[in-house]
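K.L.:
Below are the features I grabbed from TrEMBL:
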- 28-458: domain 'Major facilitator superfamily (MFS) profile' (DOMAIN)
- 78-100: transmembrane segment (TRANSMEM)
- 112-130: transmembrane segment (TRANSMEM)
- 137-158: transmembrane segment (TRANSMEM)
- 178-205: transmembrane segment (TRANSMEM)
- 272-289: transmembrane segment (TRANSMEM)
- 309-328: transmembrane segment (TRANSMEM)
- 335-353: transmembrane segment (TRANSMEM)
- 365-391: transmembrane segment (TRANSMEM)
- 403-424: transmembrane segment (TRANSMEM)
- 430-452: transmembrane segment (TRANSMEM)
Amino acid sequence: MFEFKIEWIRSKIRTNNIFSPRGKIIRIIVLYSIYSFVVNFQDAYSNAYPNTSINSFRNYINGSYISRGNHNGITVGAYVWLWSFYLNVNFIGFLVGTFATPYITDNYGRKVGSTISIVGTILMSISIWANSPELLIIGRFICSAATGISFGSLILFVQETTPTRLRGTASFLSETLYVFTNVVGMGFGLALIPTSIALVLTFFLKETPKFLLINKNKREEAEEAIEFYQGKCENHEEILGEIIKESECEKCYTSTRQGLIEVFKTPHLRKALFIGIIALQLMKAYWPLTYLSSNILMTHFSDTAAEYASFGFSFANFIACIAGNFVIDKFGRRPMLLINGVINTFCLILYIVFDRLTFYSNENFKYGCIVTIVVYGITYGLALGPIAYFITSELTPQQYRALVQSIALVIDCAVNFIFSFATMPVYDAIGVWAFIPLFIVPSILCLIYLFFVMPETKGREIHEILVDMKSGWRRRIGSCVHAKTLSATTSYRSCDEDSVVSTISFVTIHSVVHSETKVDDAMSLYSYHIRL
């Protein structure tokens, strides 16, 4: 009897049934919540704990110099620059890791890339035990490079394994658990344990169906992966057909150099890249606030009060992320990103107003600074952060998804490093007015661009979105979505035909109901599309 139970357990592990969500919403949420938490822990934790441990780090760095014979310790100016470099070297390492992500994910798979963060975790732990600020900076650089690979790989893994109807919710979970780790990281944490769990859990998961079918041409394994993640109730042949349509929309590139050339040469790929980059720039103030909100608030509050306010900022961010999971697939990516982007930018403007009123009018206005930072955290968690990180993968075909996403993240890391590195010195020089050139003006320009260019992706297959990206006609974004419910046509012939049939169906029905649009207009639209 005992041997039978052991064999049963082995059979379960071998077939991955224990960890398979099989399309069940609760199991999908539980699996991706746990997996996102353990994969992102090192990255999120290393970004969070310096904010509320600023006094400990100041004493640590100063004590290190005193122990070397400098009895006066480090100067204030030197400390500001060293501390700023320590915080922002994370972006340089993350940039290096992100740049390596396409090669790893396209050759070895999405789930393999998700586990590399454990390498950085081990090296970071060693550097801390060495009790040297310089080694700590080197360890942070190597650690961030490893987490850069894991972060990008996790986004691809989640996007490619979930059913289309749950893609937004599952992608939101990654950022939600990232922010949760920020909150946890402000109090305590041992990153080696969660990242070790990630390594073990990855062993029992299957690779993504799209990677197996498109990158490796393994149809049987792709079918097994579809059943593993989406269950037997799903129409596997239809899902495989959708994946094949996506693969037929673009040719695979044979080298990174060729891929880069194609991305910048091909209009719809270039547009997807620009949308991803600009969306990420909307949250330029988030990283400086995550790193330096305690420093900035110390202008008006005590050290303890500033650290509590910083914790409130991260906690509000986390709660908003949870709420975002429930609304992202109801309201859509485009309206949520734009509306929250406007509120987000307005919060930065109000912070300047309250800061000046505190100095020139009434000291009680300082509490308005806390409110604006907390609301900023809410808008980030509710939409800006999660959507900005996964929107690129919803605009790009499988063959270029990892590459385009990595280019966007690489550029974002470089910009983050420049802005975050400059924030503290510029803030020390001109005060709160630093927010205007560093954050407010760039955010306004980004919002204008996204308003005119960004399409809606909610509930749509990638090949359908690609048709809109290629056509450049934004009105078709809505028509394709509405046509799916209005048209009785359910058969698909190719990625282009699908959108054309849907669009013509909508235009034709619209003409019958409103008597405004002639059927000839629909045929003209078809002819226009074929010429493209």
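Residue 1 is the first one shown; counting continues down the chain.
Glycine residues also receive a Cβ, built from the backbone N, Cα and C atoms like all the rest.
Note that TrEMBL annotation is computational and uncurated.
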K.L.:
Counting only CB pairs under 8 A, let me know which of 309-328, 335-353, 365-391 has the most with the transmembrane segment (272-289).
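P.N.:
So the stretch in question is 365-391.
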K.L.:
Residues sitting near the transmembrane segment (430-452): Cβ under 8 Å, six or more positions beyond its termini, same chain?
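P.N.:
Distant Cβ neighbours of the transmembrane segment (430-452) are 274-275, 278-279, 281-282, 284-285, 288, 337-338, 341-342, 344-345, 348-349, 351-352, 355-356, 419, 422-423, 474.
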K.L.:
I'm a bit unsure how to read this: which one of 137-158, 309-328, 335-353, 365-391, 403-424 has the highest number of Cβ pairs shorter than 8 Å with the transmembrane segment (78-100)?
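P.N.:
That would be 137-158.
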K.L.:
So which of 309-328, 335-353, 365-391, 403-424 is most in touch with the transmembrane segment (137-158), counting Cβ pairs under 8 Å?
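P.N.:
Looking at each of 309-328, 335-353, 365-391, 403-424 in turn, the most contacts to the transmembrane segment (137-158) are made by 403-424.
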K.L.:
I need to check the long-range neighbours of the transmembrane segment (335-353): which residues 6 or more away from its ends have a CB within less than 8 Å of a CB in the stretch?
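P.N.:
Here the qualifying positions are 279, 282-283, 285, 324, 327-328, 368-369, 372-373, 375-376, 379-380, 382-384, 387-388, 391, 432-433, 435-436, 439-440, 443-444, 446-447, 450-451, 454.
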K.L.:
Could you give the mean pLDDT over the domain 'Major facilitator superfamily (MFS) profile' (28-458), rounded to a whole number?
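P.N.:
Mean model confidence (pLDDT) across the domain 'Major facilitator superfamily (MFS) profile' (28-458) is 81.
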